[in-house]
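Visitor: Would you mind keeping the following structure in view while I ask a few things?
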Amino acid sequence: MDCSPTFCVPGFWNLFTVFRIRSSRRRRRRLHSLGLAAMPEKRPFERLPADVSPINYSLCLKPDLLDFTFEGKLEAAAQVRQATNQIVMNCADIDIITASYVPEGDEEIHATGFNYQNEDEKVTLSFPSTLQPGTGTLKIDFVGELNDKMKGFYRSKYTTPSGEVRYAAVTQFEATDARRAFPCWDEPAIKATFDISLVVPKDRVALSNMNVIDRKPYPDDENVVEVKFARTPVMSTYLVAFVVGEYDFVETRSKDGVCVRVYTPVGKAEQGKFALEVAAKTLPFYKDYFNVPYPLPKIDLIAIADFAAGAMENWGLVTYRETALLIDSKNSCSSSRQWVALVVGHELAHQWFGNLVTMEWWTHLWLNEGFASWIEYLCVDHCFPEYDIWTQFVSADYTRAQELDALDNSHPIEVSVGHPSEVDEIFDAISYSKGASVIRMLHDYIGDTDFKKGMNMYLTKFQQKNAATEDLWECLEGASGKPIAAVMNTWTKQMGFPLIYVEAEQVENDRLLKLSQRKFCASGPYVGEDCPQWMVPITISTSEDPNHAKLKILMDKPEMNVVLKDVKPDQWVKLNLGTVGFYRTQYSSAMLESLLPGIRDLSLPPVDRLGLQNDLFSLARAGIISTVEVLKVMEAFVNEPNYTVWSDLSCNLGILSTLLSHTDFYEEIQEFVKDVFSPIGERLGWDPKPGEGHLDALLRGLVLGKLGKAGHKATLEEARRRFKDHVEGKQILSADLRSPVYLTVLKHGDGTTLDIMIKLHKQADMQEEKNRIERVLGATLSPELIQKVLTFALSEEVRPQDTVSVIGGVAGGSKHGRKAAWKFIKDNWEELYNRYQGGFLISRLIKLSVEGFAVDKMAGEVKAFFESHPAPSAERTIQQCCENILLNAAWLKRDAESIHQYLLQRKASPPAV
């Protein structure tokens, strides 16, 4: 979603650290003075009482696609465990018409009252007599609204091939929105089977988790049919799904005989073929990996027009954004193919890990998401080895998680969750990306064979049940004989991660390493009394064999000495082979000096070059080393061929550019970007060469976009020429070149350019192309045009879920754009908040819009605005954004002048390449 070899003079680290600790304390005082160092009080919350629980839901729903309402009939087989005269269930935005309970073999008891607790999204059904222990049937008739909030049972707008606007009825229940479709026990541990029927117009497709077993005319209306689906296995409510709309599909059978279908908008069945191919390869891969068969007779993957998340793993009916599922052979770029492969891999992993075995409560959400976010890469590496996907993991997930987890306002992987409003907050980079990163580290520590054995034990033991994190550790410990729980509790139950400081001494033919660990903090060296400690699996490699570990150890104390046998004085030593361990490394100046030539001559493996650069950049952001030293290291990447290494370098230079947009020497950093990227740009050129593959296409798009945005003259001229030919229909741009060309011409264009882009957006038939344009519109620089883009973001032309990326693009496009986007959010807050109803999109919108500020007073302004305009599900994000603003301001104050001097000095005497 990033050179002088002399890094420092003797004693530099110690002197610098003393200074940084002082400034780090000052920064912490500022956080406390703004009230940013602690999360607000949790809201009181009680889980549902256990006196009545469901065995089976027999549910019939009749959606009205014109009036946007639905009628429902529920007959739930229930078990009364202890005598009670009331039943408490979850219920939100639903009106119950009648409710009764029929004890088995006894007379029906009608409920005499429905007490809605709207704040807690519960309803209490009161009965005139006591319900005795035993089984019975709870009957409820109810009505609800097909809302436009992309949660619960909601309406999704689409346009038919003839241009008519219509609506589908679709679902999104995770985390706590099944209760908006039918009254239920909406907690993951309260599992039951489901018999679902949908009463729908006969010309519509109706889908649910299971296969259709009956389709018959509806008695009251010849234009309507009742579609009945097979009974599901025992499952949680958040995984139930139904869709009613107009779709085409492509289908195949996996080699295990499972029917796989991909449903697409009408007329776009061809665009489902890539995802179909991935899904058909993925199901057998997971079956073999887990040694547990896929438990349902079919799996459908369906593209939904209005969809908040990327995708949702509903058992047997997986829902996706169109851009996460549909691929057009001519108009889809390489990164879109890769994205579709990863998302399909992620959601199908959940069919076992999450659906077959489900977390006991949302506290263990990370187990679902972290695991799926790790194994999606394993799956894509199996299907597409040419993607070099594990190197990309480090840039996309590992470093992203470390960036967030270094904040004082991070949270542990395992978060105690109570009230429903708290659940959306933890769908973040900690649950997903840090979760995936520590699973990757664990897999490496255990080894693949024992890991697979432990996974099979876990899935077999807990299938159709619920489990907690400790249950997985127990199974993996049993399979491997290693202290898994002891090691992993240090990673999941406390927030943050360590910085490993290492220095070396040559002792005859051996190398003595002195290691120490401290918590890594974005604000500088850790200054608390009791420093957290981790049990850290550490791998050490040398230049003798850079791709293999010379030694593996478990660092289980604050300091350790390690002897590496037979290491010559001229050989380098590196920690964290493959950048697998979830920690950052700070080398002594001598060790670092010996590693830097390995960047230039490529003797360090790509993922280690990436990790080294990323660690240094983060140390500079935290004020532990100087940013100028990192700029010098970046210049050593002149011979770099690897896409992911460039991607991470690009990302970090982007962060620095945003920071320096607050200065009057922004143009100088753009010159630096041009100098770093132009040699690789010249080597790649504009057009693919014979023998090039997926990664070359990704690299070309990245480099041309970077050069174009920075105003590289030749790139700008060629982009304008190609854009003109594209618009005039003379030579259509390849999909891989569109984003960089669009970005370049908009950044350096005028009102006419913006008008042409908006026209291209209107004409685009494919959502991928619309999104591509939406993401770059914010690059425009004139205040008047920025306002036009912001107005466009809230127009009917942009799908609700995509408004966020348009506004975010404006905020990230320029200093003026950032101010304009923030003002726009404040002015339109009511509409935006109402649109996203406190889901995770509101958090994303806030993060994208304000995180680039670098003035102390802006942190106060952002905090004050959200105190008077509460957004409960985004509270943690707001705290993190304010913290980042203060960190940016401190970074700017600390390093701006030295960066400026370095850039001026470079200009006066450019380094030899």
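Along the chain as shown, residues are numbered 1 onward.
A Cβ is built for glycine as well, from the same backbone N, Cα and C atoms used for every other residue.
The active site, proton acceptor annotation in TrEMBL covers GLU347. What TrEMBL records for HIS346, HIS350, GLU369 is Zn(2+) binding site. What TrEMBL records for 54-239 is domain 'Aminopeptidase N-like N-terminal'. Summarising the annotation, TrEMBL assigns domain 'Peptidase M1 membrane alanine aminopeptidase' to 274-491. According to TrEMBL, the feature domain 'ERAP1-like C-terminal' maps to 572-885. The site 'Transition state stabilizer' feature in TrEMBL is assigned to TYR432.
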Visitor: Just name the most isolated of the binding-site residues HIS346, HIS350, going by other Cβ atoms within 10 Å of its Cβ.
Guide: HIS350
Visitor: Given a separation of at least six residues and a C-beta threshold under 8 Å, show me what packs close to TYR432 (site 'Transition state stabilizer') in the same chain.
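Guide: GLU369, GLY370, SER373, ASP397, ALA401 - these are the non-local Cβ neighbours of TYR432 (site 'Transition state stabilizer'), listed in sequence order.
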Visitor: Determine the most Cβ-crowded residue among the recorded positions GLU347, GLU369, using a 10 Å radius around each Cβ and all protein chains in the structure.
Guide: GLU347
Visitor: May I have the list of same-chain residues other than HIS346, HIS350, GLU369 whose Cβ is within 8 Å of the Cβ centroid of the recorded Zn(2+) site, in sequence order?
Guide: GLU313, GLU347, ALA349, PHE353, GLY354, ASN368, PHE371, ALA372, SER373, GLU376
Visitor: How does the model score the domain 'ERAP1-like C-terminal' (572-885) in terms of mean pLDDT?
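Guide: Looking only at the domain 'ERAP1-like C-terminal' (572-885), pLDDT averages out to 95.
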